[in-house]
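Student: I have a structure I would like to understand better, so I am pasting it below and will then ask my questions one at a time.
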Amino acid sequence: MARHGDTRSPSPVGSTYSSSRRSRRDDDRYEKSRRDDGRSYRRSRSPERRYRDRDRDSYRRRDRSIDRRDDHRDEDSYRPSRRDRSRDRRRSRDRGDDRDHRRKSRERDYRSRRDDSRDRARRRTDDSADLKHKSRRDDSRTRNLDSKSRETSKPSTPAPAAPTEDEKRAERLAKLEAWKQKQAAERERKQREAAAAGGARSILEEIDRKSGLSPAVGSPQSPAATPTTDATPAPYAGKFDPKAIVRNAVPAPSTPAVLGNDVAVPQSAKASASLSSMNNHVQANKPPAAISTASSTLTVKRNVGGFGLGARQVADAEKSSAVKTLGFGEEESKRKKLERLPTPPLEDAKDDTGAVDAAVEDEDDVDMQDGGTEEENAAAARAAAERREERLQSEALRAQSKEAAPQPNGDVEMDDVSHQAESEKMEVDAAEEEVDPLDAFMSELAETAPPKKTTGARFAKAKEQQPEAMFGDEHDVDLTAVGEGDADDFLAIANKAKKKKDIPAVDHEKMEYEPFRKKFYTEPSNLAEMTDEEAASLRLELDGIKVRGVDVPKPVMKWSQCGLGVQTLDVIHRLGYENPTSIQSQAIPAIMSGRDVIGVAKTGSGKTIAFLIPMFRHIRDQRPLENMEGPIGLIMTPTRELATQIHKDCKPFLKALNLRAVCAYGGAPIKDQIAELKRGAEIVVCTPGRMIDLLAANAGRVTNLRRVTYVVLDEADRMFDMGFEPQVMKIMANIRPDRQTVLFSATFPRNMEALARKSLTKPIEIVVGGKSVVAPEITQIVEVRNEDTKFVRLLEILGNLYSDDANEDARALIFVDRQEAADTLLRELMRKGYPCMSIHGGKDQIDRDSTIEDFKAGIFPILIATSVAARGLDVKQLKLVVNYDAPNHLEDYVHRAGRTGRAGNTGTAVTFLTEEQERYSVDIAKALRQSGQKVPEPVQKMVDSFLEKVKAGKEKASASGFGGKGLERLDQERDAARMRERRTYKTGEEGEDEEDKEDKAEKADERFSKVVSSVQSAAAAATTPLPGVPKGIDLDGKITVHRTEKDPAGASKNPLDKVGSAVADIHARLSRAGVMRSGVPIDNRGPDAGAFHATLEINDFPQKARWAVTNRTNVAKILEATGTSITTKGSFYPAGKEPGPGENPKLYILVEGETELAVTNAMRELMRLLKEGTLAAADSDARAPVGGRYNVV
């Protein structure tokens, strides 16, 4: 809002003088009411800050404070339009914001007086047209001009306004000077009264006098500025700086005339430093003629003073001045720099004078701020001065030391002073100060920024939000904390996770296991009376049971002879098991006797019950489980489906015997299985991988194997195969050695049997119906078909099956070899209208379980599966098994076909063979013969053809067993590692690996034969001999490889023999001096010499050919392929030059190896490279120009 009595008219005529006069009276009247108005000093100046007609300017200049009224920089200084406003404007704006907040925290009386005085001073000088450039910067209280000097200066700067304006201006100046004298006298009176008080207030009075001297010291500079202003260019004479007037509008006790004429200066001994500084300023303000003579040296000092640093030469006066001008020292120094830089028309002397005037104005500000009529202002200032007196003294000393060195750049000193002002200001109004975020950001990033300034800015904003650099260095740690993780850390994490699955090895000697009982079987009397012949006859009747072992119990005929409990017998009768099957009648007595058993029986013969019933008796004999104890019975299976089926077979007995069982397999949530194990379970049916996870989970606190005494490996041949054997053995090693182990399977290859026996103790082997034999109840059909006719034949078989009403509820199981084939066949059958589903290892476990259940329940009659469903799957209505893709070995075929014809039922197994699968026909024909069925003629032809190829060495007989899948890459890596070790650690005694060497030689021979054939074809096409090949060397000829000569072990010790051999060597060397024929080495008789060697002379070949056989890349390839050693020896001799006696032979290559074949292959490859290099050299020579265009003369 506008002030009382003010007019908003920008016209300088008629209204300004009256407005300023009313403003002075109104300001005195409303001083108290406006004391608490924090915005009055900004809002009240807005009317006068509009465009005004200047006395000597014909254009309007934009007042920046209209757009930025809150910018205190604009309130304190006004920059002419000819000034550069690029960089300094932003800096002043930022500091103006700080000043705005500092003013809010000042004493309210002082602020009101400052606003009043500035308003009055501005209104008195608003329309002055004859003020010089410097007088515009200084207000009436700092110019120190008397009325006489004003009148003298007016003619020098004629005013474009009317003569009435001159009279008004003179009257205003006279009143202002009288008011200033009155204020100075009042202040001096108060100082004398305070000095008379004495006592503890004397110290504070000393500080006030020092600060009060600063205007007196600075006042002589103003009259000196007047003659300098007279010499300024005309456009600056009639202008003034309204910002400077606003800033200096506080009632100034300084005199308008020369120092000492109107103001009584207090005499103090401590003012000597200030007086010396005053003398320096007076000397600096000499007329331009005098200043120009020493402008270079004076410029440094004056710049220092111009930036508010001239006071630093005055130690004591500056201490008090810095305290009183707490919030303005930084801004003043910045503002003076901004005013001096953009005045190119001015000379150095004028700039220096302006800088000195700025220092005077800065000092006068101190007096205006401190000089007042109210006691509380002085008390607050004195208290602040008393608190900081000691600190300011030390800073003043540092400032003096810096002042001694000349500062070529005033900006640097300005930063120091601004920091000093900020550091002092922090004690008074740290909570109110605000640092511009851009300044804080730049000060943090700039390495050349003074650290004190940055520290002060951060400390001054301690109670406010700290300015944060969004892309500063402090964020680098957060950004790179994860990304800069070392590879070792990740490897450590991976190893740690890997170690979690490792089961710690158990030292059974240190463990204390509870004793347990294995033997529960008591042979019935009728069986005990049976002779061995009768027992053998009984075994023959029971499907030809074959047993092997010591003290094998006789087979039982009824369940009552097995020594089972009443609860178990009740469940057996409830399940409808009338009599034991063949495998059950022999295996149950053997297991109940506490013996380790290997049971091999046909599919569907009841092997699961054969090991479950003895286990229940075994568990019931031991004490119940306590908290955190593991199972007693452990059953491991290769597939998840088989584990689920065994667990399902246990359930009828568990409830009757009050036992608990847990089925643990991969694919299912492990948390549920952990919860069940923690509740306690006597039986665990699991797959090996998931069991290892459970044993390693929670540092082994989930479960343990300390109480396991009964272990079953179902489908044992698969468990000891390449895929499961390491995991199974790891688990078995953690179980007590005196456990009882039972192995069951429908197939048991001989190599698997030998491996399994290592885990057993004096086992009894029971074989029912032969190993790997298809049950006779299964009808086997094998057809040889092309790939494109298999699907049509499958549709025909399914149509014939379901055409009979008796087979309406029949199931059909179709086996394929790959997961993709299962999904493809499923899609094709669904298109033909057959409801079916697929199951394979790529599906989720929940899908696999639900599919098996739906298939058993008859929801869909056809199931397409891989071999994952070949073992243990028991579906009673399954009447048809189709091997859409032939199994790759005998055991897989037996298990696939055994899914049908179970428990005495009949079934059909159809197998499709293609011409490319004759390798598999051998096992299928063998299964047909063992089961007593005729082998079809097309299948027999395929078998004969394959066996002939095996005899001829073109094919390799397939081994029995699964052997693992997808391990070819691992085999290759293992073989390569073994070969590298052999080459690295050669001993010359690797005679046992002849097969590997032959295989390697054959592969190398095939590889190089192709290369040689291409080279030979190229050579045959050429009718002329290859150009560039030396005479006597045939690259396509036979390669001669020699065995390395070794000194005999028992060399003769006769000196004459040694002399004779030496002479022979000399003669031989002389006879072949300089001649390096192929196959004649010179120096390969060292201890590292290979068993075979060959040489190839390359001296006379073209350079490209020599490079082809000696560069590192080609040689490395040959070394890797052949395992030989290739060395370049001899010296190169130009064409036509032969080596003399005793000289090195011509350049040649020595190839050494452990076998003749390897050396031959390496030599063949080197010759090929030589030929290619020679051809390339001849081709390049043919393309080369005959002569150049220029000759060197």
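Backbone N, Cα and C define each Cβ position, glycine as well.
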Student: Under Swiss-Prot, the annotation motif 'DEAD box' belongs to which of these stretches: 450-453, 646-649, 714-717, 1122-1125?
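Tutor: So the range that Swiss-Prot calls motif 'DEAD box' is 714-717.
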Student: Do any residues of this chain, six or more beyond the ends of the motif 'DEAD box' (714-717), have a C-beta under 8 angstroms from a C-beta of it, and if so which?
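Tutor: Beyond its ends, the motif 'DEAD box' (714-717) has Cβ neighbours at 598, 607-608, 611, 635-639, 642, 646, 743-749, 752-753, 756, 871-872, 891, 961.
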Student: Where does the mean pLDDT land for the motif 'DEAD box' (714-717)?
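Tutor: Per the prediction, mean pLDDT sits at 82 for the motif 'DEAD box' (714-717).
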Student: Around the ATP site recorded as ALA601, LYS602, THR603, GLY604, SER605, GLY606, LYS607, THR608, what other same-chain residues have a C-beta within 8 angstroms of the site's C-beta center?
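Tutor: These residues sit around the ATP site: THR581, ILE583, ALA746, ARG902.
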Student: Per DSSP, to which secondary structure element type does THR608 (ATP binding site) belong, with helix, strand and coil as the options?
Tutor: helix
Student: Could you give me the DSSP helix, strand and coil counts for the motif 'DEAD box' (714-717)?
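Tutor: Result for the motif 'DEAD box' (714-717), in helix, strand, coil order: 2 helix, 1 strand, 1 coil.
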Student: At a 10 A cut-off on CB-CB distances, which of the binding-site residues GLY604, GLY606 has the highest count?
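Tutor: Counting every other Cβ within 10 Å of each candidate, the maximum falls on GLY604.
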Student: With helix taken as DSSP H, G or I, strand as E or B and everything else coil, how many residues of the compositional bias 'Basic and acidic residues' (165-193) land in each class?
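Tutor: Taking the compositional bias 'Basic and acidic residues' (165-193) as a whole: 29 helix, 0 strand, 0 coil.
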